[in-house]
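Reading through the structure tokens given below for one structure.
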Amino acid sequence: MQKFPWDNHSSVSEFILLGFSRDSQINTILFNIFLFLYLSTLVGNGLIVTLIHLDSRLHTPMYFFLSVLSILDMSYVTTTVPQMLVHLICQKKTISYVGCVAQMYIFLVLGITEGWLFSVMAYDRYVAICYPLRYKVIMTPWLCGAMAIFCGLWGISCSLVYTVFTMRLPYCGPNEINHFFCEVPAVLKLACADTSLNDQVDFILGFILLLVPLSFILASYVRIFATILKIRSAQGQLKAFSTCASHITVVTMFCGPAMFMYMNPGANASPERDKKLALFYNIISAFLNPIIYSLRNKDVKRAFLKLTGSSKASE
């Protein structure tokens, strides 16, 4: 087995992912449900990326960040769902130690990046509504690219801390993870050592990576709502608010469950609850994102009709 610097005392070469149930009939039903959600997520988010790329009218900062979000969502679910689907229909439900480390790290990179991207998207809406005349001057392509890279760098660096602190612990057995993928809280339960330091580190990182972006989002929306209330026309207020409603919904679905998962001490965590929370911010959120944005967005609908040949509808 390949050894990592933090793996000197580990005697476990692979882990068993218990998943959701040992009943084959239930697993078959779950397989069909999750396969549908996974394929729909890939199609929906892939369609958004394609529309934004092909339609020049969607080459704006808001849609640039939306395309990045869609790419993250497709990558996010692909990190966990294909393996989960295999385990639902196969007797063997193992993952190698190295595979577990890789899955944990990639999942964290994408999740942390997405969390910070939500704060960047809130800033974009803040500039668009509070400073509409200066929007194009402030939100330049260079700034948009720099903010997206910033989000990615946060994900890469902080995920490394999470993963190193988790996998530096000895894992002597048992090797059964009561989860459907290698997520930090579930893996920590198997460590044959005191995990109190990890609980503290996870709480501090959770504060930085969840509450800080949420504070930026809240501050942006306080200013946004203050500006909207100054609009005299009720129709104008509704139009301004509608541009933010989708983002608020998506942030709530993603960040709420993630906060419960990563800011709770490991001893207080319930495996069944954790699996449900992980399903929500990993699979359900990624599935609903394109629906939320496309159903409420006339520009995306117009781009889709243009792509399918309904040119009159896009004029």
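From the backbone N, Cα and C atoms, a Cβ is placed for every residue, glycine too.
Look at TrEMBL and you will find 29-52, 64-89, 95-121, 142-165, 203-226, 238-263, 278-295 tagged as transmembrane segment. According to TrEMBL, the domain 'G-protein coupled receptors family 1 profile' annotation covers 44-293.
The list of residues near the transmembrane segment (64-89) in space but at least 6 beyond its ends in sequence, with Cβ under 8 angstroms from a Cβ of it, reads 17, 19-20, 27-28, 30-31, 34-35, 37-38, 41-42, 45-46, 48-49, 52-53, 95, 103, 106-107, 110-111, 113-114, 117, 120-121, 124, 141, 144, 148, 180-181, 250, 282-283, 285-286, 289-290, 293. Below 8 angstroms of C-beta separation, residues 34, 37-38, 40-41, 44-45, 47-48, 66, 69-70, 73-74, 76-77, 80-81, 107, 111, 179-181, 183, 246, 249-250, 253-255, 257-258, 261, 301, 304 of the same chain, each at least six residues beyond the ends of the transmembrane segment (278-295), sit close to that stretch. Confidence across the domain 'G-protein coupled receptors family 1 profile' (44-293), taken as the mean pLDDT and rounded to a whole number, stands at 86.
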